[in-house]
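A.B. asks: Structure in structure tokens, see below.
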Amino acid sequence: MARALLFNAAALCAGAYTARAALFQDPSHLSPNKAYDYIIVGGGAAGSVLANRLTEVPNSQVLLVEAGSSDFEDLTIQVPNFAGRLGGTKFDWNFTTTPQPGFNGRSIAFERGHVLGGSTAINFMTFTRGSRDDWDRWANVTGDKGWSWESIFPYAKKLEHFVPPQDGRNISDEVDISVHGLNGPVHASVPAFHVSTDGRVLNATQELADEFPFNRDMNSGDPIGIGWTPCTIAGGVRQSSALSYLAPILNTRSNLDVVVNTHATKILQTGTSGGLPEFKGVQLSQPGAKKTLTLHANKELILSAGSVKTPQLLMLSGIGDSSELSKLNIKTVVDLPDVGKNLQDHPFLTNPFSVNSTNTLDILNNATISAQQLSIWQQQNHTGLLALPAGSQIGWLRLPENSSVFEESGVGADPSAGPTSAHWETILFDGFIGFSGAPPSDGNFFTAFTVMTSPTSRGNITLNTTDPFAAPIINPGYLTTPFDILTIREGIKAIRRFTSAPAWEGWITGEFGAFAEAQTDEEIEEYARTNAQTIDHVSGTVRMGKSGSAKQGGSGALDSDLKVKGAVGLRVVDASIFPFIPAAHTQVPTYIVAERAADLIKADAAAEANKHKKHHY
């Protein structure tokens, strides 16, 4: 059963009850004299985790700042099937990329969550941790074994509360429950019930087992193969970070304040410590407001604003590449060239097939049926077709070891993290999914995604104005390396091999649209460049690396404890810290990062307290 939706904004307004957190709609309602130990900028995946975990310490006072609203219980967010409706709404920052050469000069929408819960409130809810090799690579590049698979696995279980699907079926052949958490805040499950394509997909994995093996549980550390889609849906309701980490404590913890509709416009230097600038101050404001509020954190200022806004805020505050900051007459306080660089993301396409069926989820394109299903969802305990995710099966797959792509692209060594890390992903959906234009007015379809999950292309976030309310320049650099375009090409060809298995005979009647027209390698590459989009996994723009400055052999903008190099009192905790994007949907890796970061922050606070205690005596 889904958790009750616990958040009551009216009851949680400032001063309602001393035993409750306070929710503020305007920063002017905050007391400038209140002492906060931690100020967290950004109420998305990571910020929600930190707000919860840091207020577990009763005497820690925490402020969580969110630029979006507190409307994470909006119907469009709650209903899983409505995920595709959230882009371009008030819940989205509505960013746009620069024209992308790898996308034939197209600029595309760049969706990021603008509501309490961040992108976990608008994403497609896939719950994947990444591979053992993904995490071990992080440990290797940072020199910190705390980021290894073995070390993060307890956090992966700590955050999760796996629940049975709505239909109550036996899922012993769909999930290895031993690798899942059963008591964490984030409720997750497999699809609510089976759909018409499930049997065909599973049969195809048996018929083509060498190339497309069945994987019982892709959260085991070895995700290679095709299996059931794990998702942050429980009891037919989306489980965002706000619902998972914030709603349960907003009624019970008086040491948490939350302010929404509020932007952090600048980080402020508050002094020096050990010869380094100390940043524990932050300016808060709202668009169009004439006044700003300045607050200070006693212990740490934590940026969890995401892979676009976190580097933007750092650069606006004089922390970044001095050669770029000087162009806007921003005084450099900390010269950190890696800020805004190393942007990584997963480009993808949807490849549709026409099918001989009248039993696909395309029926939801009928307005009458869709309205009926919404009534079922609302009146029958969140059941029905709207409780399903966008794809009942998901696959993580690799190029063959002898693939010509490695030589043809000139990449040399395999750029993936290792043999348990996928080069590309597929999501298999019982219906038509497209991201440009309206769906076909009639017909029935099956859609297979092709997602590039081990990109070698890199992009960046830069400034073109000092206005903190304006969007920065977002240049993801999609498909700018031969390896990336060739891998996505080979993934599309592999999808055609998968759908040629006997399991699909007589059911798939043909390919559809531009996909059908792309047959030669050159045509497939052009089809990819003309139609690819982002699956919205932007990361890496304030990457962590080895400790020490570049001159000392260090790397990255952060050390492995996520502290900003060359500064004191400032930490970054969100997907921008990723040194390499994992072959995974990024919400769960972000949760894991934040869970570990919370422990690192608590440990530092305890060490500091002990130091003062010893000094006192």
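Every residue number used here counts from 1 along the chain in the order it is shown.
Note: Cβ is positioned from N, Cα and C throughout, glycine not excepted.
What TrEMBL shows for this protein is this:
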- 1-21: signal peptide (SIGNAL)
- VAL115: FAD binding site (BINDING)
- 306-320: domain 'Glucose-methanol-choline oxidoreductase N-terminal' (DOMAIN)
- HIS537: active site, proton donor (ACT_SITE)
- HIS585: active site, proton acceptor (ACT_SITE)
A.B. asks: When the pLDDT values for the domain 'Glucose-methanol-choline oxidoreductase N-terminal' (306-320) are averaged, what is the result?
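C.D. replies: Averaged over the domain 'Glucose-methanol-choline oxidoreductase N-terminal' (306-320), per-residue pLDDT gives 99.
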A.B. asks: According to DSSP, how is the domain 'Glucose-methanol-choline oxidoreductase N-terminal' (306-320) divided among helix, strand and coil residues?
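C.D. replies: The domain 'Glucose-methanol-choline oxidoreductase N-terminal' (306-320) comes out at 11 helix, 2 strand, 2 coil.
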A.B. asks: CB neighbours of HIS537 (active site, proton donor) within 10 A?
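C.D. replies: Its Cβ has 27 other Cβ atoms within 10 Å.
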A.B. asks: What is the total of other Cβ atoms whose distance to the Cβ of VAL115 (FAD binding site) is within 10 Å?
C.D. replies: 29
A.B. asks: Using Cα coordinates, what distance in whole Å links the residue listed as 'active site, proton donor' and the residue listed as 'active site, proton acceptor'?
C.D. replies: 7
A.B. asks: Sorted by position, what residues of the same chain at least six away from HIS585 (active site, proton acceptor) have a C-beta under 8 A from it?
C.D. replies: ASN123, PHE124, THR126, PHE127, THR128, ILE535, HIS537
A.B. asks: Could you tell me which three-state DSSP class HIS537 (active site, proton donor) falls into?
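C.D. replies: DSSP assigns HIS537 (active site, proton donor) to coil.
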A.B. asks: Quick one: what's DSSP say for the residue listed as 'active site, proton acceptor', helix, strand or coil?
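C.D. replies: Reduced to three states, the DSSP call for the residue listed as 'active site, proton acceptor' is coil.
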